[in-house]
Each structure stands twice: as C-alpha cells, then as structure tokens.
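Peer 1: Mind looking over this structure? Questions follow.
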Amino acid sequence: ARLVASIVAKMCRFLFLFIVLVVAIGSQQFFVAGEEYNVVYGYECRQSKCVKVELTAKTIENAISLSVCRLLCGDTKVGTVWPKPTGAVRAGNFIQQVNINQITFVFPKLTKQQPLWEACKERFLQQVKNLTPDISVVKGGGSNFVVAVQLDTEIDELPRLVLDTDESYKLSVTTTPENGTVAKISGKSYFGARHGLETLSQLIVYDDIRREYQLLTDVEIEDAPVYKWRGILLDTSRHFYSVNSIKRTLDALAMVKLNTFHWHITDSQSFPLEIKAHPEFHKLGAYSPNKIYTHENISEIVLYGLIRGIRVIPEFDAPAHVSEGWQHKGMVACANYQPWKKYCGEPPCGQLDPTVEELYPILEDIYREIFELFSPEVFHMGGDEVLSKCWNSSEVIRNWMQLKGWNLEEDDFHRLWGHFQAKALERVDNVANNAKPLIILWTSSLTKEPYIDEYLDNTRYIIQIWTRGTSVEIKPILQRGYRVIISNSDALYFDCGGPSWVGSGNNWCSPYIGWQKVYENNLDNIAGEYKSQVLGGEAAIWSEQIDELTLDYRLWPRSSALAERLWSNPAGGWRDAESRILNHRERLVANGIHAEALQPEWCLQNENECPV
C-alpha cells in the first residue's frame with residue numbers, strides 16, 4: 001500500500017510539472033531584465049509587409065507589435081490613417097511612448113468654440129484609451145506631449161459647415177530636447193482643424209508587447225477632401241432608432257471624416273418627429289409614445305454632430321411617402337389603399353393632395369420647426385416615387401384638374417406635381433426668411449425630360465441620384481448644369497441583400513454589396529466630363545429590414561470604404577486598401593462600433609495572404 005501511494009504521489013507531481021510546463025509554453029512568458037512578456041508573436045516589416053514571427057526570449061527586445069508595424073510599414077505612408085491623406089506626407093520611422101495623462105491641449109482662444117474643443121479633447125483621450133481593453137495594464141512613463149491647434153481665423157462664432165467650407169488641415173509632430181513632443185494642427189476652419197485632430201488620434205497605437213501607447217513622431221501631413229459632401233442616410237421611419245444609436249453612428253462618421261448625416265425622419269410607415277404646432281402628427285404617427293424625436297433630442301443630436309464636424313441634414317419627403325400621422329385631415333390621397341402595389345412603392349400608400357389649400361399652411365408650420373431645429377443651408381424635400389395612379393384614384397383631385405382644363409394624362413399629373421413643388425417651396429422660403437436655401441430632390445420622373453426643364457431651376461435644386469451608376473437618366477441631368485449627390489443603388493444602398501419583405505425571393509436590389517464595390521465606386525466615372533458638378537456621395541440605410549440592433553454591421557466598415565473614396569478618391573483599387581481596412585475595422589470595434597467582420601482574424605495577422 002505504501003509503495004502504491006508513493007507511485008501515485010510521484011505520478012501526480014510529474015503530471016503537475018507537465019501541466020505547468022505546457023501552460024508556460026502555451027503562454028510564452030518571457031522575463032527580460034526582470035520584465036514579464038506574456039505574448040507569442042511579434043512582427044517584422046519585410047518588403048513593405050508586416051510578417052508574423054514567433055517570439056523568443058532572444059528576439060523579444062527587438063519585437064514590433066502588429067499595431068506598431070502597421071503604423072510604420074507599407075507602401076502607404078502612415079498606414080493607420082483612414083482615409084488616407086490627399087496631400088504631401090512625410091513620415092520618419094520614429095515612435096515614442098506617450099503618457100495619456102500628460103497630454104496638454106492648447107486650443108484657439110475663441111470663446112464660443114471652447115465647449116466644442118473641450119468636447120474634442122475628451123473624445124480624443126477616450127479614443128486613445130479605447131485602444132486597449134484593459135487600461136490598468138498600460139505602463140506609466142513616456143514623454144510630455146503637447147497638442148497645439150491653430151485656426152486661420154479670429155472670428156469668434158459657432159462654426160457652420162456649408163458647401164464652401166474649407167476642411168483642409170496641416171499636421172506636424174516633432175520632438176526636440178527643449179520642447180519635448182509637440183503636435184501642431186492648423187486649419188482654415190474648425191472643421192479642418194478637427195479633422196487634423198482625428199488624424200493625430202490615428203498616429204497613436206497601443207503596443208501590446210511593451211504595454212505602452214506609442215506615437216509616430218517626425219511626421220508632416222497636408223490633407224484636404226476631394227468631395228464636399230460625404231455622408232450616409234439613415235431612415236428612422238421604417239424602424240425607430242434611439243438617440244444613443246444615432247450618436248454612435250455620428251461617432252463612427254467622425255472617425256472617417258464623413259461630414260453629412262442625412263436624416264430621413266418621416267415616411268408613410270411612421271411620423272416620429274415632434275411638431276409642437278401640430279402634436280397630432282407624432283401622437284398619431286409614432287409607433288409608440290416613447291418612439292418620438294423631441295425638439296430636445298434633435299438639438300442634442302445636431303450639436304453632437306457639430307462637435308464631430310458633421311452637418312445634420314433633415315429630409316421631409318413629400319408629396320409621396322406620407323400616411324401615418326396625417327389621419328383625419330383629408331389631405332392624403334390613396335391612404336393605405338390595397339392592393340398597394342397599384343398605388344405606391346411599398347405599403348402603406350399615401351400622397352399629399354396638392355389641391356387642398358389648407359395643406360400648405362400646415363407644411364409651413366412643419367418646415368418652420370425643422371428650420372428652427374436644424375438651421376440647414378441645404379434642405380431635402382424628398383420627391384421620390386410619386387405615382388399618378390394614386391392621385392388619379394381621387395375623385396376630388398380629378399375634378400379639380402378638369403375644372404382647370406387639364407386632362408388626366410401623365411403630363412397633367414406631372415403638372416400637378418410641379419404645382420405642389422412650387423407652392424411647397426414658397427413655404428420653405430417663408431420660414432427661411434427668403435434666404436432661398438438650396439433644395440435636394442431624389443431622381444424621379446420629375447427629373448426627367450421634359451419635366452425637369454419646366455419645373456426645376458438648376459440654380460436652386462441639387463439632384464440626389466439613386467438609380468444605377470450606369471443609368472441613362474444621369475447624363476441629361478448633368479448636361480443641364482445641375483449639381484448632384486450620388487447614391488447609386490447598385491453600390492451605395494446598404495440595405496440590399498436579403499429576403500424580400502413583401503413576397504418570396506430576395507429584396508429588390510439584391511445581392512449584398514461588398515466593401516470592395518463601394519471602394520471602387522468612382523464618381524468620376526459616373527459623371528464623366530461633368531464631374532465638377534458632383535458634390536459628393538451618400539450611402540443609404542433604408543430601414544425596412546434594419547433596426548438599431550443590426551445598424552452597425554450594415555454600415556461599417558462599408559461606410560469607411562465610402563469615406564476613403566470621397567475623401568481621397570484613390571487611384572488604386574480595393575486590393576491596395578485591404579490590409580489597411582482590416583486594421584481600421586479593429587479601431588472601429590475598439591471604439592464601440594459593431595463593424596462587420598470582413599475576413600478571419602488570421603488574415604489580419606497574416607497580411608495579404610488571403611486574397612486570391
């Protein structure tokens with residue numbers, strides 16, 4: 001019995017030592033100069049590519065983490081910056097430990113802008129902290145770091161992003177024995193300088209080998225966007241999105257320097273917008289009393305966007321795409337008619353009745369509150385999917401037209417549409433104090449010949465194109481001198497792909513659009529010789545089958561691909577950007593954006609080994 005007990009004890013000790021050995025080998029714990037390293041792999045830059053290497057106690061002193069390697073290595077200078085700069089970039093191979101508790105910010109002495117810059121500071125520091133899941137393991141130490149922001153203006157006023165705003169910036173990071181490390185950012189506007197601060201945050205990475213924040217020093221960047229209008233559309237009518245989910249979207253937009261949040265607030269399915277002059281709209285039209293955007297909510301979102309360099313553009317779609325909220329007014333034709341496909345693009349049907357004079361004072365009240373909340377330089381009036389069959393179903397409308405001597409043909413219903421658009425525009429101008437804001441309309445039959453010439457002034461209207469990029473409808477619009485925003489559905493409709501929600505098969509614009517197609521959606525090719533009339537582009541999230549739980553992965557990182565196309569308009573294709581967007585996607589995730597995975601993580605760690 002004693003012998004058996006002795007044998008068992010020896011076997012247990014052996015098994016214990018074996019487990020310890022396996023764990024030690026698996027964890028790869030190294031002790032160099034008394035320092036513990038709990039990592040397995042490092043990276044070497046070979047032929048402009050980060051190559052993974054196994055670490056040993058002998059090689060760890062010279063190891064480079066993946067984040068540091070991506071910062072320094074590659075054909076694209078400063079590989080962690082997304083979108084890539086358009087101007088001159090000079091970058092050395094010097095990195096330096098940064099203590100985020102010792103960063104000093106020097107902002108322009110413009111009183112009205114101070115709250116914005118303080119918010120930028122807090123956001124900058126939080127973005128750096130987010131680079132590691134556990135900030136308690138980050139080592140102290142590192143040099144003092146001064147971030148100095150300069151503006152080429154002394155006008156003390158709240159900034160406003162308009163079409164001629166200069167969003168360029170210059171950034172330099174230098175280190176000297178006398179001054180330590182200093183980052184200087186200059187811009188001609190708040191928006192440009194803010195973009196420079198965003199770029200600076202991408203020059204800081206977390207080194208998970210040494211557990212330090214590292215900053216790329218000895219760098220100079222000049223940068224400016226190619227396109228003025230860079231955005232996404234979010235439809236909050238088909239599904240309601242919380243204020244927090246909208247703010248999260250604005251955070252991500254700012255990370256990639258997208259500057260426009262196009263808010264499609266209402267549609268036929270719901271009316272979630274608070275209208276104080278007519279509370280029956282949101283009381284009858286919202287999905288529930290807690291699914292309403294109050295004036296306070298909207299003001300909060302507009303300010304949140306401003307801090308992040310984003311204009312919030314409201315869209316009030318009319319005369320089609322109306323139903324819920326308009327009950328009991330007698331101002332909507334074909335309201336919830338069936339079979340719906342005969343009268344509208346999707347259920348429930350409804351189009352405003354242009355013949356009702358009492359309609360226009362109500363529209364003016366709605367426009368007034370929208371303009372008070374958003375102060376838009378550009379206002380989106382919708383104008384999408386107006387069907388003559390809807391209006392023709394109304395005896396009141398038919399009688400009104402015939403009393404005027406009109407017929408009931410397509411030309412006549414377009415004349416009715418033009419009548420509505422002119423009267424609605426008068427009401428917009430009333431609330432805008434006759435400032436005559438620019439108006440955006442979707443491509444439709446009204447933007448085709450001959451109606452576009454009869455009813456739409458090319459000095460007043462911007463046309464948002466949602467047809468396919470190869471559509472023959474685009475060139476005649478450009479030939480007439482209209483400025484355009486491109487949202488071609490074959491590349492920028494991010495709701496495409498998935499089952500139909502009104503029948504069998506897939507939804508109307510399937511298949512799913514990959515980030516590669518978004519990245520290579522060159523607006524110059526769409527506009528051809530008229531490319532100077534392209535203000536920019538937008539990706540669209542139509543929310544029939546998307547809500548806030550699925551929003552992030554539908555938007556990101558495809559919107560990042562759009563951001564680089566609109567900011568940089570790169571000459572190269574998606575293969576040149578593949579390793580960078582994988583790395584950028586990790587930064588999105590670190591900042592709380594549930595971005596879609598593009599490839600197995602192995603591909604992130606083994607650069608360019610996956611594409612065929």
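Keep in mind that glycine also has a Cβ here, set from the backbone N, Cα and C atoms.
Heads up, TrEMBL stuff is auto-annotated, nobody curated it.
From a predicted model like this one, the values you see are computed outputs, not experimental measurements.
Here TrEMBL flags 1-27 as signal peptide. The domain 'Beta-hexosaminidase eukaryotic type N-terminal' annotation in TrEMBL covers 149-203. Taken from TrEMBL, the feature domain 'Glycoside hydrolase family 20 catalytic' covers 227-569. Look at TrEMBL and you will find E385 tagged as active site, proton donor.
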Peer 1: Could you put numbers on the helix, strand and coil content of the domain 'Beta-hexosaminidase eukaryotic type N-terminal' (149-203), residue by residue per DSSP?
Peer 2: 12 helix, 19 strand, 24 coil
Peer 1: Where does the mean pLDDT land for the domain 'Glycoside hydrolase family 20 catalytic' (227-569)?
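Peer 2: The answer is 98, the mean pLDDT of the model over that range.
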Peer 1: State the count of C-beta atoms found within 10 angstroms of the C-beta of the residue listed as 'active site, proton donor', not counting that atom itself.
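Peer 2: That number is 16.
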